[in-house]
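Over in Swiss-Prot, the protein carries these features:
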{"type": "ACT_SITE", "residues": "E196", "note": "active site, proton acceptor"}
{"type": "BINDING", "residues": "H152, D164, E222", "note": "Zn(2+) 1 binding site"}
{"type": "BINDING", "residues": "D164, E197, H311", "note": "Zn(2+) 2 binding site"}
{"type": "COMPBIAS", "residues": "406-419", "note": "compositional bias 'Polar residues'"}
{"type": "CARBOHYD", "residues": "N107", "note": "N-linked glycosylation site"}
{"type": "CARBOHYD", "residues": "N213", "note": "N-linked glycosylation site"}
{"type": "CARBOHYD", "residues": "N677", "note": "N-linked glycosylation site"}
{"type": "CARBOHYD", "residues": "N761", "note": "N-linked glycosylation site"}
{"type": "CARBOHYD", "residues": "N961", "note": "N-linked glycosylation site"}
{"type": "SITE", "residues": "Y310", "note": "site 'Transition state stabilizer'"}
{"type": "TRANSMEM", "residues": "15-35", "note": "transmembrane segment"}
{"type": "TRANSMEM", "residues": "354-374", "note": "transmembrane segment"}
{"type": "TRANSMEM", "residues": "449-469", "note": "transmembrane segment"}
{"type": "TRANSMEM", "residues": "480-500", "note": "transmembrane segment"}
{"type": "TRANSMEM", "residues": "520-540", "note": "transmembrane segment"}
{"type": "TRANSMEM", "residues": "544-564", "note": "transmembrane segment"}
{"type": "TRANSMEM", "residues": "645-665", "note": "transmembrane segment"}
{"type": "TRANSMEM", "residues": "687-707", "note": "transmembrane segment"}
{"type": "TRANSMEM", "residues": "714-734", "note": "transmembrane segment"}
Amino acid sequence: MAKETTARSILGYQTLPTTALIALIYVVAFFSVLVSDQLPSIPHPGSKKLKGFDLDLARRDLEHIAARPHPYNSHANDAVREYLLNRLDDIAWGKDHVHLDNDLRSNGSWASPKYGVYFEGTNLLVKIDGTDDDPHTQIPRGVADGVLFSAHYDSVSTAAGATDDGMGVVTLLQLIQYFAENRQRKTAIFNINNGEEDWLNGAHAFLQHPWANLTSTFLNLEGAASGGRPILFRSTSLKPVKAYDDVPHKLRVRHPHANVIFSDAFARGFVRSGTDYSVYTGIDRHGPAAEGGLLREGLDIAFYKGRSRYHTRWDAPAYTEGGERSLWSMIDVARGVGVGLLNPEDSAKQKSKPGVYFDRPVVLALLWAIGAVLKHNAGSPPPPPKPTVPHSANNASAGTGRPGASTRQPTRSFGSNEDANSERGILARIKSVSVKNVLITVWKQASFWIALIVTVGLQALLAWGYVAINPFTIYSRPYFVLLSFFALSFFSMTLVLQAAFPSSPVKHAIEVREQEKTTILLHLHLLSWIALLLSTILIGKSQVGSFYVVTVWYLGIWAATVIGTLQPILVSKRADDKGKRRARRSRSASTSSSSSSSSSSSSGSDTETERPSTQPASERTPLLFGRANGASNRRKTNSKSKEDGAIGWWIAQVLLTVPPVVMLVGQITSIVLEAMNQTLTDGNSAWSIYLLTALLATMLVLPVAPFSPKLHRGLIFLSAAVFVGFTIYLWVVFPFTRQDPFKVFFQQTVSLDREDVFPMNATGNAVTTHGPKIVTELTGNPAYLRRVLPYLPSSREEDITCSPHEVRTGLETCRWKSNRLAPFPGGKDPWSTWDSDAQRTTTDVSFFKADVTRTAWASARFIVQGRNTRNCRLYFDPPEKSGVRVVRYVVHGGAKGMQPGYPVDLVNGVQEIRLWSRTWGKAWEVDVDWETPLGTGEDEGQLAGRIACEWVEYQSAMVDNGSFGPDRQPKIPALEEALTFLPEWVAVSKAADGLVEASAPFTVV
């Protein structure tokens, strides 16, 4: 008996064991998620993992590549390209199976629904022949089986590009060296492309190259943040994801990081970012070719943490999150996945189908076909039975179902009237059903749903409080915000359920708590079944894989509910068997002692009646003695201070319902917070982020609901204190820091007159009297943008106008005149007779020259030449304003026709043509055809718009190679002012491809 009491105090369904076990599960689950999210350490020198790699060389490569900003339209870009070309030439030298192509031939035109592009590629390509392929055979596209590895070496104009995409390029250099010395089965093609930051131009240029026809699978390396662990951003299907496992054990990725939630977010527009993945797969195609299926299967692997430093000066080697460990993590993942892609197991038998993938904390990645999830969900058990509140919840003295309780019906006394007793029993039960009892039953039945409604309502109210008071507090303290939501959810859920199921006055009534737990489990089962039904519909219609957690949640709840339903039956049967054994022992004991009892003296009998019998009661036990013994036992039981509780059953239920959900939801929560908390400055809605955090916090608490009546009340007070303390702190704290800065987007525009651009005389010199109109634009979230402007001296004495941004939803653009901070394009003026630009003023500096000639009634030729730039544009007024739409364009000297899958939209036309050249100061000749909308005459409408050129170079980011004299260095003083005077909690990024855009209007006459 003592052993049973000790075991019950430790393992019984009591307050302290339940609280301790659940608290331990949460601590272990959260700790495992945080530990698995840490960057792996770099292997020690001489490790087999490092064989074939040189991390010191990789670090030096990164320092060369990310020394300064190097966008496509910069001279620093040429320097990076030259460095990479020399490195690749050294690797390929003396190896016949390694082929290097310095691609300066791939030109092409392609269009999106809104704009058209002409681009001249400068990609660096490497082909390493596979052992199973014939290098002299040009394989048709239909049977192409090579693997494409891709990263871009250009950066944005405001960042050195350590993670975007310097680490990706350095990783490819290491892979080229590794695969050159360790040939794989398939052919590997590496596209170190240029122009990705200007809307994926380098990937499009690769499609123009013959080697593009040799690939069927790809691995794209990207950086959408500022370091940390690279994650599997998205995948076309499970087929390429299996590359994580199709590798020898010693090369396998030991710490994979993947979750299908990113792929779903990309597909539905929640992630405002684009990578070469969309070009290689062809998912962004339009027109007739859009229905042709995927061009290639593949994976997108990228960094995602620290987005506030993304595309800013803090994306540099010195500020990368994780430093060299982050670089090694990317190399390790790319090597493991690359080997798997190049050496697949039975690739011909593998089918391309969408799937579910996520990495379990501290374990390898898990794959699950969406079809299997859908099939399982469709075949899941039916909805649970209607929950019922056991009578013992209202009558604590009931003994039915309690271990050891007798189930024998009471014996009728001699001469009793059964019918009369039955009628009196029915009337007694009817009278006992009072309004109070009915209300108590309804309250207990509805308590879970009331708790859920209260919790959801309070979570929504808290989200409103954050959005209204301090919406950016999640920007730098996401886990504090999560803790605030979690504490409130736990407080409200537990408080309501403990009020519905208070502590029983008879603490040893085990069946009370067990059946209360089962009641809540049944309601939770119903909720999970509804969620499973909705997720099945979404999976079937939209192929949403992120609902895998609902399936896991439902399975755990279902199993725990089955245990709770079977427990009373099994316990009752065991109690009946135990009672029968006791009865047999009692009869045997009574028979053996009958002779001695009859010979006992009266005094002895009196003594025996005074001492309670230790034998169990039976049908032969004297009635009065049994009553006295029972009363004594009840008095002793009621005097006990120890809490009773069933052993074993509840532990299995806790392990089935709590750990799987907490670990999976905890991992999703960590990814969501790290990836989305700093997207507010990109224009994302604060409501969506806070409501999503509230939903995840509620899901973390829901598994505890069935056991909450047994949790220690101290946890309620603790959660209330945590909620109040952290919420007040988060509402008043300043949300931005140097590590998590507020991001603003910069651009300066120069509006030129027609005579500044179009030829006026033979020399091309056209001097204006009033000069250009120069405006500085700063774009950002309106909540803090206007607090930033006073830091800039040029804005203090000017009229500032602000309006919603035309493209970036949720952001605002403020403008002011800044002629005193006029930009200078740099280089030599090809149209001027002046010996030096130092002799000229800012009002007569030439930016570009252009000419427009009408060649037919609906055709014109544009000639554009920019000064010290490789990027110009043609803007056309929308059809609603001009009455015409541009339906065709051809650039002289470029490839004929449009890239397959990217034609001009003949219904809406193009409103912009972006021109990119690999040579400086090139003069583009562009033929344009237009149409008038249906129902208008040929003479109606007039093609008009703007001609513009872009510049991205400024003094603090220049390459000091002596190519420019002091009077010919490009300058953007307004940007230098922003970089100098803005506080440390503000970071500057580009607003468009050009930091400076000079434009002049045109009209085709």
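Placed from the backbone N, Cα and C atoms, the Cβ positions cover glycine too.
Structure coloured by features recorded in Swiss-Prot.
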| residue | record | DSSP (3 states) |
| --- | --- | --- |
| N107 | N-linked glycosylation site | strand |
| H152 | Zn(2+) 1 binding site | strand |
| D164 | Zn(2+) 1 binding site | helix |
| E196 | active site, proton acceptor | helix |
| N213 | N-linked glycosylation site | helix |
| E222 | Zn(2+) 1 binding site | strand |
| Y310 | site 'Transition state stabilizer' | coil |
| N677 | N-linked glycosylation site | coil |
Which whole-number value in Å describes the distance between the Cα atoms of H311 (Zn(2+) 2 binding site) and D164 (Zn(2+) 1 binding site)?
8
Quick check on the glycosylation sites: of N107, N213, N677, whose CB has the lowest count of neighbouring CB atoms inside 10 Å?
N213
In whole Å, how far is the residue listed as 'active site, proton acceptor' from N107 (N-linked glycosylation site) when you measure between their Cα atoms?
15
Which of the listed recorded positions (D164, E196, E197, E222) has the least company, meaning the fewest other Cβ atoms within 10 Å of its Cβ?
E197
Least buried by Cβ count (within 10 Å) of the binding-site residues H152, H311:
H311
What parts of the chain pack near the transmembrane segment (544-564), using Cβ distances under 8 Å and only residues at least 6 beyond its ends?
260-261, 263-264, 354-358, 368, 370, 373, 376-377, 380-381, 384, 514, 517-518, 521-522, 524-525, 528-529, 531-532, 535, 538, 649, 652-653, 656-657, 660-661, 664-665, 668, 699, 703, 706
Highest-contact recorded stretch vs the transmembrane segment (687-707), from 480-500, 520-540, 714-734, CB pairs under 8 Å:
480-500
Surrounding CB atoms that lie within 10 Å of the CB of Y310 (site 'Transition state stabilizer'), all protein chains
25
Quick check: which same-chain residues outside H152, D164, E222 lie with their CB within 8 A of the centre of the Zn(2+) 1 site CB atoms?
A151, G161, T163, D165, G168, E196, E197, L221, G223, A224, T275, A302
What other residues of this chain sit with their CB within 8 A of the center of the CB atoms of D164, E197, H311, the recorded Zn(2+) 2 site?
S155, V156, A159, G161, D165, G223, Y310, D315
Select the closest residue to N213 (N-linked glycosylation site) from the following binding-site residues, measuring between CA atoms: H152, D164, E197, E222.
H152
Sequence order is fine: just name those recorded positions in H152, Y310, N677 with a Cα within 10 angstroms of E196 (active site, proton acceptor).
H152
Within 10 Å of D164 (Zn(2+) 1 binding site), Cα to Cα, which of the recorded positions E197, Y310, N677 are there?
E197, Y310
